[in-house]
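Engineer: Handing you a structure now.
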Amino acid sequence: MVKSWLEMVEQITRSEGLPIVPDEKTGDPVWVDLRELRLKYLIPIARIRKFFDGLKEGKVYATRCPVQDVYFFPPQADCPYCMDENLEWVEIRGRGTLVTYTVVSVKPASYLHYPDYIIAIARMEEGFNVLCWMSVDDPSQLRIGMPVKLVVKRREPEGFFTYYLEPE
């Protein structure tokens, strides 16, 4: 489907002189920019540094607003509901239930050096969802509703600490 869509864009561009196609949902005209984007950016983390320090220690933290009694993961420095800046740090117990997953075999250019991987969503015991890579050798082992745990590992080849889900 992607190839035929790209072929359609190329055909329209050749005939009309502009890469403008109708949006699939609204029919409104959209400009199709086929240039590859490579992004590098900096994210200030001073107010959520504990999260990253926790990863180095093998721990995963969320923040919790005591006013709204709501958790935030990934952690936030401020509550978006009441703007409270005094959020509490909570170490995640790491147990949850697999909600959904997908095997990623068609990857963006910046991920081509990884073998096929699994992205999963789990509902944690604390009541929030976590979206991350699932660490499992065989995707056929996965079942929606199965117990999973959140673990910290180094992602290679970069060598940085991050969190993954694993079957429990």
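Yeah, the Cβs are placed from backbone N, Cα and C, and that goes for glycine too.
Below, the features straight out of TrEMBL:
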- 52-88: domain 'ChsH2 rubredoxin-like zinc ribbon' (DOMAIN)
- 89-152: domain 'ChsH2 C-terminal OB-fold' (DOMAIN)
Engineer: On the DSSP side of things, how many residues of the domain 'ChsH2 C-terminal OB-fold' (89-152) fall into helix, strand and coil, could you say?
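Structural biologist: Counts, helix then strand then coil: 6 helix, 33 strand, 25 coil.
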Engineer: Average the pLDDT scores across the domain 'ChsH2 rubredoxin-like zinc ribbon' (52-88) and report the rounded value.
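Structural biologist: Its mean pLDDT is 97.
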Engineer: Pull the DSSP breakdown for the domain 'ChsH2 rubredoxin-like zinc ribbon' (52-88) and write it out as helix, strand, coil residue counts.
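Structural biologist: Computed counts for the domain 'ChsH2 rubredoxin-like zinc ribbon' (52-88) are 5 helix, 9 strand, 23 coil.
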